[in-house]
Amino acid sequence: MDLWLRESQISDAVMTYKIKQTLIRKKTKYQDLAIVDTYCFGKMLVLDGIVQTTVKDEYVYHEMITHVPLFTHPNPQKVLVVGGGDGGAVKEILKHPTVERVVLCEIDQEVIEQCRKYLPEISFALDDPRCEIFIGDGIKYVHEHKNSFDVIIVDSTDPFGAAEGLFGRSFYKEIDECLTENGIFVAQTETPFYLPEVVKGIYNDAKAVFPITKLFMAGIPTYPSGFWSFTLGSKKYDPQKVDLSSSVNINTKYYTKELHKACFVLPKFIENLTK
Ligand code: SAM
């Protein structure tokens, strides 16, 4: 008998993944947590039935959500990740030699513990001495830390439940105050193919706060529609104008200096969401 993980990407479209083995399944204080081993994407973290990250394609999302802001900022030293309990964003952030400290503010300690145990390929950098783990709500943490970070990355679950308050104008205002003078913020901001109005609303909320606000895209096989958006808010530096010619070479599988610029060139139907 075959075993399949069935993920509802939207109410009337599902994706199914053939499973070799369920490594862990438990209810945490915040969500239903599972880590399964699949034939097609290897091991994957699933929260409330939604695929978060897989060992086969995690590099796309984690490289783009980190290297685009970190190469846009001229000297990123202090970085905050809100969410990101699988450690994938931290893994990429610590490739930047300028980074002295990265704080991971994750609400669910179980995510960190289970990813450490079952997904060491993604979570290993959580043990780096430059990484400080804070277990708590990112909304509260951002509110309580002013003028503290050069780059803030909101690597959250989708905008409902505990993550609902990590989207929207009031939170982006808090982010603005938590950033240092020329800080940069990036968030994962859903699929414009299935949820154009959600993407448009998030973009407009960020634009109301940040003088430079941009949408960029990446192709992520295990995310709904495979077409994923990120929203960047910047106080001073424009990611499309930054000179990358002398930026340090780091080991990547998806991000390139050319893609850093190209990812902001949007298909018409997505560009229309930013008008
Ligand atoms: N990095 C993965 C990816 O590739 O998309 C997904 C992100 S990570 C698993 C999402 C994390 O956000 C979850 O571990 C969840 O517990 C955390 N989270 C949700 N709401 C939060 C909040 N208000 N504060 C801090 N962490 C939160």
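Glycine is treated like the rest: Cβ placed from N, Cα and C.
TrEMBL annotations: computationally assigned, not manually curated.
As given in TrEMBL:
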- 2-235: domain 'PABS' (DOMAIN)
- Q31, E106, D137, G138: S-methyl-5'-thioadenosine binding site (BINDING)
- H62, D86, D155, S156, T157, D158: spermidine binding site (BINDING)
- D155: active site, proton acceptor (ACT_SITE)
Check your understanding: Roughly how many Å separate the Cα of D158 (spermidine binding site) from that of E106 (S-methyl-5'-thioadenosine binding site), to the nearest whole number?
Key -> 14
Exercise for review: Measure from each Cβ of the binding-site residues D155, S156, D158 to the atoms of ligand 1 and list the residues where some distance is under 6 Å.
Suggested key: D155, S156
Point to revise | Distant-in-sequence Cβ neighbours of E106 (S-methyl-5'-thioadenosine binding site), under 8 Å, six or more positions away | key: G83, G84, G85, I112, I133, F134, I135
**Study point:** Minimum Cα separation from D155 (spermidine binding site), reported as the residue among binding-site residues Q31, D137, G138 that achieves it
**Key:** G138
Revision key, fill the gap. Students should find that the Cα atoms of D86 (spermidine binding site) and D137 (S-methyl-5'-thioadenosine binding site) sit apart, in Å rounded to an integer, by 16
Exercise for review: Quick one: of the binding-site residues Q31, D137, G138, which has its CA closest to the CA of H62 (spermidine binding site)?
Suggested key: G138
Review point. Rounded to a whole angstrom, what is the largest C-alpha distance between any two of the residues H62, D86, D155, S156, T157, D158 that the record assigns to spermidine?
Key: 16
Review point. Across the listed S-methyl-5'-thioadenosine-binding residues, Q31, E106, D137, G138, what is the farthest Cα to Cα distance, given in whole Å?
Key: 16
Practice item. Ten-angstrom check, please: count other Cβ atoms within 10 Å of the Cβ of D158 (spermidine binding site), all chains counted. Key: 19
Revision key, fill the gap. D137 (S-methyl-5'-thioadenosine binding site) -> DSSP, reduced to three states, gives coil
Study note, to complete from the structure: Those same-chain residues, other than Q31, E106, D137, G138, found with Cβ within 8 Å of the centroid of the S-methyl-5'-thioadenosine-site Cβ atoms are Y30, V82, G83, G85, C105, I107, D108, G136, S156, A162, A163
